[in-house]
Ligand code: NAP
């Protein structure tokens, strides 16, 4: 058939292509003139490529008369049918009626509903359950001609104009026009069903002036209005006095989340900015959530960030690689926009549309390997803001716009930026009560800063944020591997900030800097990487069941995260203890409310800051410094916390377990105190036994949970061993932990130091011999001499109780009495670790069999690795940190049975 196509746009171009493909002769294409920048309409471009005649008409008629030259041009083509796929011009009836089969028009609604120009919008605004398209015969009314064919589809609750158009109206519309033309060509009397006037609706064109949201209607109607105008022309309102267009609406059926109130003009209730967007109220008290906002300055932002502090970022220096990225972005923009650029050129104001957004994103991925989303283009519409977003993405910086209150500390030839407020929902906020506690530097007793101290009400807010993130946030929808990617990224950022973290740890906990770099921070980084690798290796089993004929059954198990986990950690390795627990907990897919030790919480807050840069979604990690009996207890008691991971003393562990049983019955794993024996036989490598023996006690100034709490030395070498130990202890350099030559820093805090001094006093009172040390150093700071207490008998206080400090407690055992010393080593209520030094491997392995401890060292000590499970027996608790076992502490098993 000879066809003239009258219309425009990509839709028109696709109609042109399909009709041509299916053997019709397109005798001419009538479309609009090139745009202001000289760019032809896509329909014109498609036709010109094939050498088809193209007419770019400004107008068809003058004073109600068709222009003669237009009429003549048209007539000469000899078209048998006019196809109008999408046409914004008024086409005179002389042209409509001239061809043998006259003219058919595509209309994106189920006529007679929604006649007029904004039909898709009104389909959604009216909440229609069905949408569709009509191909009708043109007449002289507005969308009134008889119907040739119609196609319909179901409307989903959150469909927007774009979604409906892309999913159905565009692809099916093209097929429908093709089908309609075939019907005309192949049938004698193609359908002409007259439209029923009683069901007809006519609605006005939607423009900005009639797109202000009316809040005096139910939430569903508000939702329909917003999605019915999304993205063009966009529903708008006034928030805090600023005109804002809203996108990405959904009905909110969950609990009202925690958030910040925002004033809404002409609404009975303020809106709420929260981690997943902005909540708006209808007059029925129900709510609608919107995800993006277009601000007055043309910038699109996530609704969750409305009203946050200044978010402009400027890139400082670009590397040569980044210069190349900028240059290729410039090329892509130029080829799309067909014009010169400057830094402020706005992609959309320069004429780009939604297809150009797709093209920009795809070309950037192709040329520079940077994967941005369509929304990133809307949110960064100017050239320089887009370049910035792309470069930050290439640097792996999720959100370089992140602003927070902090203190600056100058130390170790560095300027440290230190957050000191509670971290909830990816924001640093003060405690609701305003409470703070000072962070003291144990090396000189100075105040580093005031740290916010969380109370019960802050715990409630943080748990709600974590629950929301677990149940509905991006975290819950993310693939396991993507979670791993975030964790790897966090580990990389920790590596980049390693010196800063180690300095902070040193200042806040008294850790010797060189040890902090290697162990406190180094092992923390390894822990994050180790568990990041586990995220996509968590799976269950397939279990065959006894068959119940004639059907078959099969069960499989799934390992699922538990939910919101409360983590409570001590002060001895502040960041490492946090990392051991949190990395395993997050790898399993849970969300976290962490209470670090009140006395050393700064590196946990710094970790929180880095997690934002790594791209962790809001609510996944929440960090609440505060007192154990207040904040810690509130986490333990909270009904929405499903599991507690605790490291600390046995006494507090017992109390926590009791609370977990009494109030909510939650799972708990406890890494508790220890009194770990180290047995040294005379047949050992004595040099090594002395060197490692010292480390087993004085490593990290004795503030080490697996520290050897009691050394048993065989009678034969007892005096020699003690002499050599004291010689070595005298050589230990005590002092400023940031001094690289120092090996022994201050104790963590004053109360702990006082406890240690009492411990030594008690030992001596009961008859132990103080061979070395035992005193506080006469200088500022919480320094204690490395101490050696010997001739300790089994019934003494120091033989039974943990010191958690730099105090070596030594007892003698009878030559060759393996059984006796094993019994004495096990005669403690704890069971965290144990060690033995001997060259007799049989003896060593027999000891290893008989030690009642979760970790046993042979001819070594303190050698832990992220892949080796760590945790105690007896009153040292249960549940493991590290290794494959640890991830299971944060998973629960679900069994699913199928019949087939
Ligand atoms: P802790 O007094 O038991 O405190 C541990 C954590 O629990 C701190 O964050 C503390 O808060 C908090 N807490 C206190 N009372 C609480 C309550 N009622 N509810 C909830 N949380 C509460 O222990 P620590 O003095 O910090 O640490 C030393 C102990 O930890 C030693 O016994 C050591 O052996 C043990 N430890 C064990 C391991 C292991 O892996 N097994 C590792 C390291 C340390 P505050 O900030 O208010 O104190």
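Positions of Cβ are set from backbone N, Cα and C atoms, glycine also.
It should be emphasised that the depicted structure is a prediction, and the values quoted were computed from it without experimental measurement.
Feature list (source: TrEMBL):
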- 107: active site, proton donor (ACT_SITE)
- 671: active site (ACT_SITE)
- 671: active site, proton acceptor (ACT_SITE)
- 705: active site, proton donor (ACT_SITE)
- 89, 90, 91, 143: (6R)-10-formyltetrahydrofolate binding site (BINDING)
- 628, 629, 630, 631, 632, 633, 648, 649, 755, 802, 803, 804: NADP(+) binding site (BINDING)
- 320-394: domain 'Carrier' (DOMAIN)
- 143: site 'Essential for catalytic activity' (SITE)
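Annotation for residue 648 (NADP(+) binding site): spatial neighbours 568, 569, 570, 628, 671, 672, criterion Cβ-Cβ under 8 Å with sequence separation of six or more. Around residue 143 ((6R)-10-formyltetrahydrofolate binding site), the same-chain residues six or more apart in sequence whose CB sits under 8 Å from its CB are 105, 107, 111, 112, 115, 116, 136, listed in sequence order. Checking the recorded positions 628, 671, 755 against ligand 1 with a 6 Å cutoff on the Cβ atom leaves 628, 671, in sequence order. The record assigns 628, 629, 630, 631, 632, 633, 648, 649, 755, 802, 803, 804 to the NADP(+) site; their largest pairwise CA distance measures 26 Å. The binding-site residues considered are 628, 632; of these, 628 has the fewest other C-beta atoms within 10 angstroms of its C-beta. In the structure shown, across all protein chains, 803 is the one of the binding-site residues 89, 803 with the greatest number of other Cβ atoms within 10 Å.
In this structure, residue 107 (active site, proton donor) is part of a beta strand by DSSP. A Cα-Cα distance of 89 Å separates residue 89 ((6R)-10-formyltetrahydrofolate binding site) from residue 755 (NADP(+) binding site). DSSP assigns residue 630 (NADP(+) binding site) to a helix. Considering other CB atoms within 10 Å as the measure, the emptiest surroundings among the recorded positions 91, 630, 705 are those of 630. Remark: of the active-site residues 107, 671, the most isolated position is 107 (fewest other Cβ atoms within 10 Å of its Cβ).
When Cα-Cα distances from residue 705 (active site, proton donor) are compared across the binding-site residues 90, 91, 755, 803, the shortest belongs to 803. Mean predicted confidence for the domain 'Carrier' (320-394): the pLDDT average there is 87. The residues of the domain 'Carrier' (320-394), classed with DSSP into helix (H, G, I), strand (E, B) and coil, number 51 helix, 2 strand, 22 coil.
When other Cβ atoms within 10 Å of the Cβ of residue 90 ((6R)-10-formyltetrahydrofolate binding site) are tallied across all protein chains shown, the result is 8. Summary of the (6R)-10-formyltetrahydrofolate site environment: with the site residues 89, 90, 91, 143 set aside, the chain residues having Cβ atoms within 8 Å of the Cβ mean position are 84, 87, 88. Taken over all pairs of the listed (6R)-10-formyltetrahydrofolate-binding residues (89, 90, 91, 143), the Cα spread reaches a maximum of 14 Å, rounded to the nearest whole number.
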